[in-house]
Amino acid sequence: MENRDSVASLLLLLLLLPPPHTHQGQVLRHVVPTQNSQDSPARYLSNGPGQEPVAVMTIDLTQMSKPYSSFEFRTLDPEGVIFYGDTNTKDDWFMLGLRDGQLEIQMHNPWAQLTVGFGPRLNDGRWHQVELKMSGDSLQLWVDGKELLCLRQISGTLANNSWPSMRIALGGLLLPTSSLRFPLVPALDGCLRRDTWLGHQVHLSPSAPNLGNCDVDLQPGLFFPQGTHAEFSLQDIPQPRTDPWSFSLELGLKLVDGSGCLLALGTRTNSSWLSLHLQDQKVVLSSGVEPKLVLALDMGLPLQLKLDILKVVLSQGPKTEVLGASASRLAALRTLWSHPQGLLSLGALAGDNSSASFCLSDLWVQGQRLDIDQALNRSQNIWTHSCPHSPNNVSHISH
């Protein structure tokens, strides 16, 4: 390897070599390099909302042995960070990620400042092989055996003859998202496996944390494992119609298991002014002391909740139930949208002993799709773009 090969141009090749390190006080996944051919377990790339990586390593570049790396990854998520690397966050960093399902490289160093999106959409839930190779001052990238990218003249002469150290972050960033050349949502609901980095295979230790959805057959969707939740401010989502007043939402339920809260409208101090609970493959609508409604669920049909000044309606396909709420209760519900702490909650409520888990194909509010990335807060274990493929998988998933 010539000394003209810049640090930044090697960032695609170097990842997760030992020893383990910590980032922002958290203990990150421990990895062990080996030389054998046995496959290591797939790694889940998401560490929840935000930009926190799942692992951070500091690498001595004098220890690299081969200018070649490869890995396989799969995702249904169209956007997020696969990995980031730097020698310093100000003027020498690199990012490989996805945007609109396509690979994207962002690079900032003294010799090259660029953003390149390329190749086919890879967020199809299938495993894709990525290979990376340095040749002189050029970087070549293959996907599934086809060369998709060659970057030239992205290196320069180093200030000294020794390689500096480098930080590598998997599934996240070590600089503010706003410092990217073209900001994106860092969290990526995806997995990586069969990775070889400069001649080393990296294996998780037996004490490594949960592997997310990497050992489950997937389908597109939004999955709430048992005990997880998300909250949206009512002021940040599409607003009710005003003349006459009405509000509607629609949930595309694919899978449900267990019992517990599905959805609630309320505040911080009273989270369930109106709620939908899952119970034995049925949904129960309740509002305070008013009589409850029970509707048997039919998977595949959208579940609709509509409120107006006269009634609350729950429907699915041809089935419709009307909640016999009082005029004063309906008037109180309407005040939620002017309450500074008005919330739409999905999943388990605080203090709720919920065993429910469920998969949504879509969530629509006032005819507009609601993005989980817009949540005020959410559990880190929510799968933002994938669900178990079979109902048999749901009850066996633990986070």
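For all residues, glycine too, the Cβ spot is worked out from N, Cα and C.
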- Between CYS261, CYS359, work out which one Swiss-Prot annotates as bonded to CYS387 by a disulfide. CYS359
- Note on the structure: For CYS387 (disulfide bond), the three-state DSSP class is strand
- Note on the structure: Across the domain 'Laminin G-like 1' (43-214), the model's average pLDDT, rounded to a whole number, is 82
- Where CYS359 (disulfide bond) and ASN353 (N-linked glycosylation site) are concerned, what is their Cα separation in Å, rounded? 19
- Message: Whole-number answer please: how many Å between the C-alpha atoms of CYS387 (disulfide bond) and ASN377 (N-linked glycosylation site)?
- Response: 20
- Message: In whole Å, how far does the CA atom of ASN353 (N-linked glycosylation site) lie from that of ASN270 (N-linked glycosylation site)?
- Response: 16
- Can you figure out which of CYS191, CYS214, ASN377 (the recorded positions) comes closest in space to ASN270 (N-linked glycosylation site), comparing Cα atoms? ASN377
